[in-house]
Amino acid sequence: MLRIADRDFHSRLFIGSGKYSSADIMQKSLAASGSELVTLALKRVELERPTDDIVTPIQNLGLQLLPNTSGAKTAQDAIFAARLAREALGTHWLKLEIHPDPNYLLPDPIETLKAAETLVKEGFTVLPYCGADPVLCKRLEEVGCAAVMPLGAPIGSNQGLLTRDFLRIIIEQASLPVIVDAGIGAPSHAVEAMEMGADAVLVNTAIATANDPVAMSKTFRDAVIVGRQAFEAGLSQNASLKASASSPLTEFLESL
């Protein structure tokens, strides 16, 4: 069981709602994934009619909505978007995203920290998307964020955990949930993140753009479960180039 702020989650797989070919495919994929939390770009919601064909399928599944501030370039932009999201969707949960660079969509650490501090004070449950920077993640924890969401690789790149060494440090130091976000392009990437001790992963592109998004959702569901089980079982730390026989015959042969 994973607890974030005031909610418990059985599933450690969180899903993004973008890039699906239709609302129907999205809904079926979400159901197949077993996920209980879905991110939603505020720019895709009609604020005058928030119960449109994007929001309704998610609400019908009883999932936790996590609106994000994708498109915000400054802390001020993100704070404004967050207030709109709370008003339109009736949730204080927020994925904080600030990325001024349109090419790589890398998060701005300074603006993210600034916005997080303000939004926490305003009563938001803030989950910031951030670089895999252990110092920044600790600062975000200190200002009261409910979790941190460091990237594995640039958004939508499907490159896997390019930041694995820094993710390990973040996980080791954190006293709050660590959700690996961005760059997870295959179920094996999700397994790796969970094996190293991440509390959850967020996946969008790898599922939504798969040939069969519903089947891929199921595969990611299973991958996250297996990765977490491996972590809890305790992975062997005896990684070495030198061989080590599992059943050495030395003493047996010497006794003959």
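Every residue gets a Cβ built from N, Cα and C, even glycine.
For Lys95, the entry in Swiss-Prot reads active site, schiff-base intermediate with DXP, with the evidence type sequence analysis. Taken from Swiss-Prot, the feature 1-deoxy-D-xylulose 5-phosphate binding site applies to Gly156, Ala182, Gly183, Asn204, Thr205.
Projection of Swiss-Prot feature records onto the structure.
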{"residue": "Lys95", "record": "active site, schiff-base intermediate with DXP", "DSSP class": "strand"}
{"residue": "Gly156", "record": "1-deoxy-D-xylulose 5-phosphate binding site", "DSSP class": "coil"}
{"residue": "Ala182", "record": "1-deoxy-D-xylulose 5-phosphate binding site", "DSSP class": "coil"}
{"residue": "Asn204", "record": "1-deoxy-D-xylulose 5-phosphate binding site", "DSSP class": "coil"}
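Separation of the C-alpha atoms of Thr205 (1-deoxy-D-xylulose 5-phosphate binding site) and the residue listed as 'active site, schiff-base intermediate with DXP': 17 Å, rounded to the nearest whole number. Residue with the densest Cβ environment among the binding-site residues Gly156, Gly183: Gly183, by other Cβ atoms within 10 Å. Here the recorded positions are Lys95, Thr205; the one with the fewest Cβ atoms within 10 Å of its Cβ is Thr205.
Of all residue pairs in Gly156, Ala182, Gly183, Asn204, Thr205, the annotated binders of 1-deoxy-D-xylulose 5-phosphate, the farthest apart have Cα atoms separated by 9 Å. Comparing Cβ neighbour counts within 10 Å across the binding-site residues Ala182, Asn204, the minimum falls on Asn204. Straight-line distance linking the Cα atoms of Asn204 (1-deoxy-D-xylulose 5-phosphate binding site) and the residue listed as 'active site, schiff-base intermediate with DXP', rounded to a whole number, equals 14 Å. The 1-deoxy-D-xylulose 5-phosphate site, placed at the center of the C-beta atoms of Gly156, Ala182, Gly183, Asn204, Thr205, has further neighbours from the same chain whose C-beta lies within 8 angstroms: Gly16, Ala153, Pro154, Ile155, Ser157, Asn158, Asp181, Ile184, Gly185, Val203, Ala206. Checking each of the binding-site residues Gly156, Ala182, Gly183 against the residue listed as 'active site, schiff-base intermediate with DXP' by C-alpha distance, the shortest gap belongs to Ala182.
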